[in-house]
Number of protein chains: 2
Amino acid sequence: MNILDWNTLDPVRQAAALERPKLLRDAKLLAEVERIVRRVRKDGDAALLAYAKRFDGATPAALAVSEAEFRAAEKAVAPDIKRALKDAIGRIRRWHKAGMAKGFSVATAPGVDCGRIIRPIQRVGLYVPAGSAPLPSTVLMLGVPAKLAGCGDIVLCSPAQADGGIDPVILVAARLCGITQVFKTGGAQAITAMAFGTASIPRCDKLFGPGNRYVATAKQYVQGLPGGPAIDMPAGPSEVLVIADRDTDAEFAAADLLAQAEHGPDSQVLCLSDDAGKLADIIVAVRRQTARLPRAAILRKSLRHARFIRTASIAEALALSNRYAPEHLILAVRKAEALLPQVQAAGSVFLGPWASESLGDYCSGTNHTLPTNGAARAYSGVSVASFQLQISTQRVSRAGLRAIGPCAETLARCERLDAHAQAVRLRLDAA
Amino acid sequence: MNILDWNTLDPVRQAAALERPKLLRDAKLLAEVERIVRRVRKDGDAALLAYAKRFDGATPAALAVSEAEFRAAEKAVAPDIKRALKDAIGRIRRWHKAGMAKGFSVATAPGVDCGRIIRPIQRVGLYVPAGSAPLPSTVLMLGVPAKLAGCGDIVLCSPAQADGGIDPVILVAARLCGITQVFKTGGAQAITAMAFGTASIPRCDKLFGPGNRYVATAKQYVQGLPGGPAIDMPAGPSEVLVIADRDTDAEFAAADLLAQAEHGPDSQVLCLSDDAGKLADIIVAVRRQTARLPRAAILRKSLRHARFIRTASIAEALALSNRYAPEHLILAVRKAEALLPQVQAAGSVFLGPWASESLGDYCSGTNHTLPTNGAARAYSGVSVASFQLQISTQRVSRAGLRAIGPCAETLARCERLDAHAQAVRLRLDAA
């Protein structure tokens, strides 16, 4: 954790300073995923159960979570967690609802009304990983917008635990979101099942959710197969970029960097400032706080990718941020609001000292499923629109045809598409 | 061109009736595309020029279209075509502008304001094919929304013709859209150039546009590479589904089917009706009109994939349409408006006898870049949003932190993400 002085670096070192850790996605991984996809498409549920045993050490009695299991989960989860889930759902719903797209119709010429109608994607598949701990927040971040979108069929897959069940918090969160089709399967096998269907698991039109490199690779792979589903976005390790100035609270900034770093050994954190002293303070705080945290082993690994960069100005820091396009951007500076207009590419922006990134992960209301690994240059986070279709419409009267038909005919002839021209000409002759 | 009676088919034949023609995307094609991608990434402009010679029989003096070429194009294009392009741009702009997403901010709790800001994708790449004829409509359908989105850098690639130039109509259309960076390169090589950059062609964040199977395969392939760009959507052959009743004008319906069929030998057209007599009339009209059209050879090939299906009712026809999820859906029935609420999946819908599908291709105002091959179940057509980022924001005051911090801390502890919890706890202790 050294401080790099941006303006003393040559362009090669500058590029290296903003480079992400290499993803561990090699040919061997892809071959393994291909094998799993083939087997699940061939053997269906039997393959899912075999993989549950092999990868998760689990032998669930059935793939589908039963009503009895949902009821047992309700009893098992502490009231304060239930309350927190409900509170979070309320705010997540408020933000997502406010951002929903609406249908419209506009006259583009007399007698020509063009519009858009919004429809839910019919069947969506949500993936919820289960590693060392349950991730109910993933359920909320996918389940709430899916419901608001009006999706009729919501399928959720999560790996079975060693006891053959799914963590009760996941089940309670699913029910609170109105999701009842929950299946005990994980990894590339769950992705394949939702992509192409099995006897138990219905085939889904679009897949959502985070996961390890098997899951991420499988999502990208099935998306490219003939008849494969759409996916929310490409997935990479989580990352944060903090912009600090001399007013930044070093302890807060360090805590935000560590919150990101604890996701996994390949997570990346960057801290940019025009104040070298502040960067030094933040590094000291990171070291001190790390020692107190239980995931110190992961932290030490991911902090190897950390970057502390001194820039000539806050404007330069923001320019670098736009170039890096971070998943999370924390403007921990005194005049955060004044910087926002300059933000060009990021997943989500946090303004000012109190806006901890953790709040966005759980319950400020925004979605935490965000583009990583530079994808924030071209992708946006999950929203209700991610679960919807926008279908264009055109209503054309006889007068409308007369108004715009000749234009269409001219352009069709220019493209030498005579049948296109004729479809208009026949009508013009009859109109 | 026989009439299938839906309710006399067994489920296997029903599924076959709604199946699309197999795409010709084999391992050989992918290997060839991979070779092109590798070579362009290695040799840059030199590779582009070599491929122009080999695939397009062209030896352009430079890859970039010069100011002199733009000026010559202005003189070469007939005034009526220029006028049609301008008219079309006006309507395309009106519809796209009406559908633009807006930023917003909403208080999800006292002191917690969550919002969304809209930003253009910084650099976008548009691909315009050049086969037997220029396709200026593609330029408009991508250029107009890119400009409305505010994209600063718009790159356009199109294959060089045998004379080393680009069709003047393409250049005029590009200028009318405000696009000045036009390059003479096509196929998988153009896609690679825009995806990763060469000395002449800047690297783009997202690629748009139709193309042959090399282009479609290359887009999907570069999207999956590390650091690869986003793409608009997967591409397949064009298709239309017409729903007809006894009031449908058979000549109009036939003309619309043929307009779709002329795109290429793998295009697919379907016509569904509850009236067997009307289906027979439409088939007769298709045969008669085909004989008069210059692209009869292509038409005869693509009409092999045509389907004429008699359903028990118009409601059943619509249910089949939702299952098929056509790129274009023509409701050529008397009560088209009443059917619209039942439309669940389609790219674009045309209502009533005068709404020829060709109008949408050129100048009704809607976008003609639409999901094909069943992708309309999960993807939407191109719009201004396709060229923009939606970035979420959160502003949290001290009071806001006090209001929602405990909720975030509870959920972070439940997920055993202690650094997440600590980033909130530190602030709660200070607030």
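Placed from the backbone N, Cα and C atoms, the Cβ positions cover glycine too.
A TrEMBL annotation is a machine prediction, not a hand-curated record.
What TrEMBL records for the Zn(2+) site is A:Gln260, A:His263, A:His420, and among A:Asp205, A:Asp232, A:Asp361 the residue it adds there is A:Asp361.
Here TrEMBL has A:Gln260, A:His263, A:His328, A:Asp361, A:Glu415, A:His420 binding substrate, and the candidate from A:Ser238, A:Ser380, A:Ser383, A:Ser397 in that same listed site is A:Ser238. For chain B, the nearby binding-site residues by a Cβ gap under 8 A, listed in sequence order, are A:Glu415, A:His420, drawn from A:Tyr127, A:Gln189, A:Ser238, A:Glu415, A:His420. Listed recorded positions: A:Glu327, A:Glu415. The one with the lowest count of other Cβ atoms within 10 Å of its Cβ is A:Glu415. Looking at the residues that bind NAD(+) per the record, A:Tyr127, A:Gln189, A:Asn212, the two CA atoms farthest apart are separated by 13 Å. Our reading of the substrate binding annotation (A:Ser238, A:Gln260, A:His263, A:His328, A:Asp361, A:Glu415, A:His420) yields a largest Cα to Cα distance of 55 angstrom. Within 10 Å of A:Ser238 (substrate binding site), judged by CA to CA distance, lie the following recorded positions from the set A:Tyr127, A:Gln189, A:Asn212, A:Glu327: A:Glu327. A simple way to gauge crowding: the CB of A:His328 (substrate binding site) has 25 other CB atoms within 10 angstroms, across all the protein chains here. Among the binding-site residues listed here, namely A:Asp361, A:Glu415, A:His420, A:Asp361 has its C-alpha nearest to that of A:Asn212 (NAD(+) binding site). Under 8 Å, Cβ to Cβ, and six or more positions away along its own chain, A:Asp361 (substrate binding site) finds A:Ser137, A:Ala259, A:His368.
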